[in-house]
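One structure is given below, encoded as structure tokens.
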Amino acid sequence: MANVAVVGSQWGDEGKGKIVDWLSSRADVVVRFQGGHNAGHTLVINGVVYKLSLLPSGVVRPGKLSVIGNGVVVDPWALLKEIAAIQEKGVEITPDTLLVAENCALILPLHSAVDKAREEARGVNKIGTTGRGIGPAYEDKVARRAIRVCDLADEAVLEHKVEQLLFHHNALLRGLGAEELAKDEVLAQLREVAPKLLPYSAVVWKRLDEARRQGKRILFEGAQGAMLDVDHGTYPFVTSSNTVAGNAAAGSGMGPGAVGHVLGITKAYTTRVGSGPFPTELHDEIGDKIGQRGHEFGTVTGRKRRCGWFDAVMVRQAIKTGGITGIALTKLDVLDGFDELKVCTGYKLNGEVIQHLPAGQTAQAQVEPIYETFEGWSESTQGARSWAQLPAAAIKYVRRIEELIEAPVTLLSTSPERDDTILMRDPFED
Ligand code: GDP
Ligand code: IMO
Ligand code: MG
């Protein structure tokens, strides 16, 4: 019996949260392995909406263990706020149901300040980050000066580590003519939050190993998407972590064999928040209609998402680079009532036809989509719970997508509600 990793195959917001929540009924443990509170995962259960950023989408199901793995960057204040907000909705979250890896790097207030200041300085070249300090926190982690969860319990090193951190950051602030940070202030912030966060701190790799040996099913929950991956995405317009399922093992402290089926969550069209290339973007009323029907506004920042046609070249590339074994196609219902639909099947670049998105920034900005046109459907697919309820034109659209991306559609989602999901092949049984 395989474990399952759920990852985004486009630019995020594909509906990962809904699918993880739905699949969590078949799992025992749900693990986040990368990213931070830049993620915004929306679940709708019997009309009640849950918005999660750092908490794994399994938290709302009683009896499941939720785990924040070492690959996640944790803002303690954001996490505690989110726990309180979800508890207010009647969900039980305790150190028995939620574990945070003791070796997670922390996001401190200075990281979001640096993130925002840098974006402002970039002007028109800004990346369009969520401003949550994700990039600066990962930079400090890789540079070996991050404060980690375990350091909060280690007074012997905390002060020295804060000194080292500020030695770096204050040099930059001085260079920018900005006010420097006081060591005592940062230390006071950390000492204040430590007793609230530490009860959740755990030796996650060990707990996951035990769970695995007991035959428990583990569901890995990715954030962002393949095109935001720091290696495989539209660099530099990406996030600062590897979003692909290959990182599920490293980001949770398990071996690569622990990750079984890789389910790529894929919207039936394409959206993107923030800057960067988007070959199939629509700047017309069709794009607006998709955005309105799909309620395409960011969960985290409220920004309007850019919308466009399905890009089969990009999704196929995500499937290959991310080892995706099957996809969950979401938001098919948003395409109800269009006269015709288009799918990108190749790109034109400098007079040549190519079948992949090149790595170079200039080429990525210049590729022109080649489209195949489909007849739309006027019937409603909203809330459909079986394949037989879908109109013939919708089935044709889905089948052609499978062919173009060279992977099967394993699940189909037809509304934000948990149970409006069609299972074609159980990923846990693969
Ligand atoms: P995530 O970041 O990948 O978890 O996705 P988000 O939660 O940011 O965005 C997906 C949005 O689409 C959420 O508001 C979901 O409630 C909604 N959604 C998910 N699946 C479907 C679907 O099949 N149909 C429709 N209409 N909405 C969906
Ligand atoms: P979920 O998990 C969509 C985008 C930002 C920006 C870029 C870098 O909900 O799919 P960052 O703050 O990470 O440094 O921003 O990545 N981005 C997302 N876009 N969904 C997300 O998460 C995202 N997380 C980051 O908009 O373009
Ligand atoms: Mg989202």
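Cβ atoms here come from the backbone N, Cα and C positions, even for glycine.
All TrEMBL annotations are machine predictions without curation.
With ASP13, GLU14, GLY15, LYS16, ASN38, ALA39, GLY40, HIS41, THR130, ARG144, THR239, ARG303 listed by TrEMBL as binding IMP, the candidate from GLN164, GLN224, GLN317 annotated for that site turns out to be GLN224. Closeness to ligand 1 is met by ASP13, THR414, these being the recorded positions among ASP13, ASN38, THR414 whose Cβ falls under 6 Å from the molecule. The most crowded of the binding-site residues listed here (LYS18, ARG303, LYS304, ARG305) is LYS18, judged by how many other CB atoms sit within 10 Å of its own CB. Comparing local CB density within 10 A for the binding-site residues GLY12, GLY15, VAL300, GLY302, LEU332, the maximum falls on GLY12. Distance between Cα atoms for LYS304 (substrate binding site) and ASP13 (active site, proton acceptor): 12 Å, as a whole number. Checking the recorded positions ASP13, ASN38, ARG303 for a CB within less than 6 Å of any atom of ligand 2 leaves ASP13, ASN38, listed in sequence order.
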